[in-house]
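Participant: Next up is a structure, given as C-alpha coordinates.
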Amino acid sequence: MPACRLGPLAAALLLSLLLFGFTLVSGTGAEKTGVCPELQADQNCTQECVSDSECADNLKCCSAGCATFCSLPNDKEGSCPQVNINFPQLGLCRDQCQVDSQCPGQMKCCRNGCGKVSCVTPNF
(Lines of atoms letter the chains of each structure in order from A and count residues from 1; the text may use other names and numbers.)
(Lines give C-alpha, C1' and ligand atoms only; values in the text may rest on other atoms or scores of the structure.)
Protein backbone atom coordinates (compact mmCIF):
# COMPACT_ATOMS: atom_id res chain seq x y z
CA MET A 1 0.00 0.00 0.00
CA PRO A 2 2.77 2.56 0.74
CA ALA A 3 4.10 2.07 -2.80
CA CYS A 4 0.79 3.27 -4.25
CA ARG A 5 0.94 6.52 -2.28
CA LEU A 6 4.54 7.18 -3.25
CA GLY A 7 3.71 7.26 -6.97
CA PRO A 8 1.24 10.20 -6.92
CA LEU A 9 3.29 12.00 -4.27
CA ALA A 10 6.47 11.66 -6.31
CA ALA A 11 4.65 12.84 -9.45
CA ALA A 12 3.30 15.90 -7.63
CA LEU A 13 6.75 16.70 -6.24
CA LEU A 14 8.36 16.34 -9.66
CA LEU A 15 5.70 18.54 -11.28
CA SER A 16 6.21 21.21 -8.61
CA LEU A 17 9.97 21.22 -9.16
CA LEU A 18 9.55 21.50 -12.93
CA LEU A 19 7.13 24.43 -12.63
CA PHE A 20 9.35 26.19 -10.09
CA GLY A 21 12.43 25.73 -12.30
CA PHE A 22 10.57 27.02 -15.37
CA THR A 23 9.50 30.13 -13.46
CA LEU A 24 13.08 30.83 -12.41
CA VAL A 25 14.40 30.49 -15.95
CA SER A 26 11.68 32.40 -17.79
CA GLY A 27 10.72 34.99 -15.18
CA THR A 28 14.00 36.83 -14.83
CA GLY A 29 16.45 37.15 -17.67
CA ALA A 30 19.93 38.50 -17.31
CA GLU A 31 20.10 42.20 -18.02
CA LYS A 32 21.57 42.88 -21.44
CA THR A 33 24.54 45.18 -21.98
CA GLY A 34 24.15 48.82 -22.93
CA VAL A 35 21.96 51.61 -21.65
CA CYS A 36 18.50 52.62 -22.81
CA PRO A 37 18.35 55.65 -25.10
CA GLU A 38 16.30 58.68 -24.13
CA LEU A 39 12.84 57.96 -25.54
CA GLN A 40 9.91 60.32 -25.96
CA ALA A 41 7.10 59.59 -23.48
CA ASP A 42 4.36 57.47 -25.04
CA GLN A 43 0.88 58.70 -24.09
CA ASN A 44 -0.64 55.27 -24.86
CA CYS A 45 1.22 53.55 -21.99
CA THR A 46 1.97 50.53 -24.20
CA GLN A 47 3.65 47.75 -22.20
CA GLU A 48 5.71 45.83 -24.78
CA CYS A 49 8.04 44.27 -22.22
CA VAL A 50 8.84 43.94 -18.52
CA SER A 51 12.48 42.81 -18.70
CA ASP A 52 15.30 42.53 -21.25
CA SER A 53 14.65 38.79 -21.58
CA GLU A 54 11.37 39.56 -23.36
CA CYS A 55 13.19 41.49 -26.12
CA ALA A 56 14.76 39.85 -29.18
CA ASP A 57 18.48 39.70 -29.86
CA ASN A 58 20.37 42.56 -28.17
CA LEU A 59 17.33 44.83 -27.70
CA LYS A 60 16.69 46.16 -24.18
CA CYS A 61 13.40 46.77 -22.40
CA CYS A 62 13.35 50.58 -22.01
CA SER A 63 10.79 52.92 -20.48
CA ALA A 64 9.27 55.98 -22.11
CA GLY A 65 6.99 57.64 -19.60
CA CYS A 66 4.40 55.03 -18.60
CA ALA A 67 5.24 52.79 -21.58
CA THR A 68 7.95 50.19 -22.14
CA PHE A 69 9.50 49.22 -25.48
CA CYS A 70 12.17 46.88 -26.82
CA SER A 71 14.80 49.29 -28.08
CA LEU A 72 18.31 49.23 -29.51
CA PRO A 73 20.52 50.23 -26.56
CA ASN A 74 23.21 52.83 -26.39
CA ASP A 75 26.42 51.16 -25.33
CA LYS A 76 28.08 54.15 -23.66
CA GLU A 77 27.27 55.81 -20.35
CA GLY A 78 26.04 59.37 -20.02
CA SER A 79 23.08 61.20 -21.47
CA CYS A 80 22.71 63.25 -24.60
CA PRO A 81 23.00 67.01 -24.02
CA GLN A 82 19.95 69.24 -24.41
CA VAL A 83 19.76 70.68 -27.92
CA ASN A 84 19.11 74.40 -28.30
CA ILE A 85 16.61 74.47 -31.18
CA ASN A 86 17.21 78.20 -31.64
CA PHE A 87 20.83 77.52 -32.60
CA PRO A 88 21.08 74.24 -34.52
CA GLN A 89 24.59 73.00 -35.21
CA LEU A 90 25.13 74.28 -38.73
CA GLY A 91 26.99 71.97 -41.06
CA LEU A 92 25.94 68.88 -39.09
CA CYS A 93 22.51 68.39 -40.66
CA ARG A 94 23.30 64.85 -41.72
CA ASP A 95 23.43 61.56 -39.87
CA GLN A 96 26.95 60.82 -38.65
CA CYS A 97 26.08 57.68 -36.66
CA GLN A 98 23.34 55.23 -35.77
CA VAL A 99 24.61 53.85 -32.44
CA ASP A 100 27.09 54.96 -29.77
CA SER A 101 29.70 52.41 -30.84
CA GLN A 102 30.20 54.34 -34.10
CA CYS A 103 31.42 57.38 -32.14
CA PRO A 104 35.03 57.79 -30.94
CA GLY A 105 36.02 57.60 -27.27
CA GLN A 106 33.26 58.54 -24.83
CA MET A 107 31.20 60.40 -27.44
CA LYS A 108 27.56 59.35 -27.91
CA CYS A 109 25.27 59.26 -30.92
CA CYS A 110 22.63 61.94 -30.15
CA ARG A 111 20.09 64.15 -31.92
CA ASN A 112 21.75 67.36 -33.08
CA GLY A 113 18.85 69.80 -33.43
CA CYS A 114 18.10 69.54 -37.13
CA GLY A 115 16.44 66.14 -37.17
CA LYS A 116 19.66 64.17 -37.57
CA VAL A 117 22.13 62.47 -35.20
CA SER A 118 25.83 63.09 -34.67
CA CYS A 119 28.63 62.16 -32.25
CA VAL A 120 28.66 64.54 -29.27
CA THR A 121 30.22 64.75 -25.80
CA PRO A 122 27.66 63.39 -23.31
CA ASN A 123 26.56 64.77 -19.95
CA PHE A 124 27.58 62.67 -16.94
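We number each residue from 1, going along the chain as drawn.
Keep in mind that glycine also has a Cβ here, set from the backbone N, Cα and C atoms.
Swiss-Prot feature annotations, pasted as is:
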SIGNAL    1-30  signal peptide
DOMAIN    31-73  domain 'WAP 1'
DISULFID  Cys36-Cys62  disulfide bond
CARBOHYD  Asn44  N-linked glycosylation site
DISULFID  Cys45-Cys66  disulfide bond
DISULFID  Cys49-Cys61  disulfide bond
DISULFID  Cys55-Cys70  disulfide bond
DOMAIN    74-123  domain 'WAP 2'
DISULFID  Cys80-Cys110  disulfide bond
DISULFID  Cys93-Cys114  disulfide bond
DISULFID  Cys97-Cys109  disulfide bond
DISULFID  Cys103-Cys119  disulfide bond
Participant: Could you tell me which of these disulfide-bonded residues, Cys55, Cys66, Cys70, Cys110, Cys114, has the greatest number of Cβ atoms within 10 Å of its own Cβ?
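Facilitator: Checking each of Cys55, Cys66, Cys70, Cys110, Cys114, the winner is Cys110.
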Participant: Expressed to the nearest Å, what is the distance separating Cys93 (disulfide bond) and Cys70 (disulfide bond) at their Cα atoms?
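Facilitator: Answer for this pair: 28 Å between alpha carbons.
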Participant: Using C-alpha atoms only, work out the spacing between Cys97 (disulfide bond) and Cys119 (disulfide bond) and round it to an integer in Å.
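Facilitator: Their Cα atoms are separated by 7 Å.
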Participant: Identify, among the disulfide-bonded residues Cys36, Cys61, Cys93, Cys97, Cys119, the residue whose Cβ has the fewest other Cβ atoms within 10 Å in this structure.
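Facilitator: The disulfide-bonded residues Cys36, Cys61, Cys93, Cys97, Cys119 were compared, and Cys93 has the fewest Cβ atoms within 10 Å.
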Participant: Please report the three-state DSSP label of Cys61 (disulfide bond).
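Facilitator: Its secondary structure by DSSP: strand.
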Participant: Within 10 Å of Cys103 (disulfide bond) (Cα-Cα), which of the recorded positions Asn44, Cys49, Cys55, Cys61, Cys66, Cys109?
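Facilitator: Cys109, listed in sequence order.
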Participant: What's the CA to CA span in angstrom from Cys61 (disulfide bond) over to Cys36 (disulfide bond)?
Facilitator: 8
Participant: Any idea what the Cα distance is from Cys66 (disulfide bond) over to Cys49 (disulfide bond), rounded to a whole Å?
Facilitator: 12
